[in-house]
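For 84-104, the entry in Swiss-Prot reads transmembrane segment, with the evidence type sequence analysis. For 274-465, the entry in Swiss-Prot reads domain 'PNPLA'. The motif 'GXSXG' annotation in Swiss-Prot covers 305-309. If you look up Swiss-Prot, you'll see Ser307 marked as active site, nucleophile. Look at Swiss-Prot and you will find Asp452 tagged as active site, proton acceptor. If you look up Swiss-Prot, you'll see 613-715 marked as region 'Disordered'. Among the features that Swiss-Prot reports, compositional bias 'Basic and acidic residues' is placed at 652-661. The feature compositional bias 'Polar residues' is assigned by Swiss-Prot to 665-678.
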Amino acid sequence: MTDSAIGNVYDPRALPDYDREFIHPDDLRRFENALNDQDVLPLVALNDWRPVYQRVRKTRGRRKEPRRTKDETREGVLYTVLKWPFLAFVLGWISFLGVAYILTRFYIFIYEQWVSWRGKRQSLRKQLYVQTNYRDWLKAAEALDAHLGNHAWKEIDENAYYDHITINKLVSQLRKLRQDAEWEMHHEQVNAAESPAVEELCTILEACVKNNFAGVENPRLYSETYSGTKVLVQEYVDEVKACLELVAESKQISDEDKYHHFKHLDTNFGRTALCLSGGATFAYYHFGVVRALLDNNVLPEIITGTSGGALVAALVATRTDEELKQLLVPALAHRIRACHEGFTTWVRRWWRTGARFDTLEWARQCSWFCRGSTTFREAYERTGRILNVSCVPSDPHSPTILANYLTSPNCVIWSAVLASAAVPGILNPVVLMTKKRDGTLAPYSFGHKWKDGSLRTDIPIKALNLHFNVNFTIVSQVNPHINLFFFSSRGAVGRPVTHRKGRGWRGGFLGSAIEQYIKLDMNKWLRVLRHLELLPRPMGQDWSEIWLQKFSGTVTIWPKTVPSDFYYILSDPTPERLARMIHMGQQSAFPKIQFIKNRLKIEYAIIKGLQQTAPRGGGRATSPTQLRLRNGHGNGPVNPIDERLDQNLPERTGEYSKEADANSAEMSDSSGVDSATASALREARHPRRNSMLVEMQRQSAVFFDDVDSDTWKGQ
């Protein structure tokens, strides 16, 4: 990299819209008014025959409301007597297990450093960590695989983690049918007594294009080498992609039949989503992860973020690819100014308000990353990316919300990002804001307040599957309290075990067994405390969920942190520190790219087939691009953003029309009706041809996420 290029990535003036303040002062003023509005008081009276709001004489002592009521703890003497002794015993045992776990991990670290990584393999391994782009990293990974003899493993079809016999036969069948179909297309000759080869090809594709068919998407198949997977698995992926492209281009099948074919494949195969976890300033590692995926054209269109990850997700979802390539550089640190206040300032604020940071100042700083008061629907129409932000209500018993352009299209993104980052003691709960038809802001969802989504749903996998059929998740996990306990005893994707040619156990079988036992025992006792309602609720929050929820996905990226990150956990990064975090984020994503590429090869081929064959008009859903063209906007040629916009499967969005969305906004904003109620009213005017059970399930589930109930397990 030249000196001018290096200087450019550190120059804040090279950032797009660096000096531009997107948010209007009136938006901040309305947000401040919404925060200061008093909660609506219910009608109260001493009894049925006294007047309401009668003046009541104050008692001398202030009565504290109980943390838990009898509805939760039930009545009983033993609960009161045994609660605190049992809680002390369990917490003491968990502390002992924690110390034992740290010692076990230290033993495994020493074992790997002094037994496994020695000699030439150590020097080749060091080359992986100094590469700045995926091409050079892949060369270094292939050299390490060649030294360890991993290429021989790729050539052998047999493996316990997938059905190699079925895949081998299937590849041969697909290749033969594709060649026959190509011959028929070029010579335009089809035997009248037989069906075209392309129809037989479609039949086989409908049987095999499914999520993790025959185990070909098992992460274990990518966890025994540093680069790539089995040759047979790679041949299968490439052959399926070629067959899908052939079907889309074939003239022997009508567009309507091809559309239904690709729609069926899409339903079975599902979608891919990028999930960015919370973690305070650890979330800046996400910039490097996103940069690595963007540079290699494997950045999914569905993105979800929580807490600090929501800020990164908002930046990604509101910018185009070209803008992101200019923004994801160390100079971005000059725009991260949320923690610039001194010690005395935030101590006084915390003593006065119970929160370290000022909500209005954070709203002003956050608005630049969200391009002002952009809504979820406006971001989707601008970039084609689907942004999701997880928020938790202040009431510990209410369900969480996954805000996106379907559940809350007119919700302002920066308000959702603030709510998702409102950790108790750091930032007070926040009111979500919605944009009305005239462009002004108003409180959303009856003015209820929301807080940090990481407290209950850091990775909202269930809601993503419900709304967008997501069944393949790429999780970038940076929560510091979770990274300590992440341990893959049999290796991870692109990170095989260091000895026995990747077929052994980390730290030996004994070390891995002890680690697993201690970790599972700690998890068991935490669940016991939660189910027996023994844990206190500081600040009105059940803190057990920050340990017991699921934090991983199909592919989990764990950026490597350093001890100084804990010291700067609530501090703005310098350009030099952000440069290191971006580099480490890229390094952690490089081993996963080949796995993600193979997944997206098939997914993008299906989406492209849907785009090419989708009927125009006819009462079907309208994509945002078609909507703009129909209304006289954007009469020029379709650009790549519009092309990607049409690929986001509009058939899942229901009747996507401007009139329907305007009615939804009017009802939600002016009448105080939330989007779920507005959707129900809309459905009453336009009934769908679904069964009663499906319709009731869709209406009840469209707004809420991750309900802890057995009824959701079958979805």
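Using the three backbone atoms N, Cα and C, a Cβ is placed for every residue, glycine included.
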Give the mean pLDDT for the motif 'GXSXG' (305-309) on the 0 to 100 scale.
92
Taking DSSP states H, G and I as helix and E and B as strand, how many residues of the motif 'GXSXG' (305-309) are helix, strand and coil?
2 helix, 1 strand, 2 coil
Neighbour tally for Ser307 (active site, nucleophile), based on other Cβ positions within 10 Å of its Cβ
30
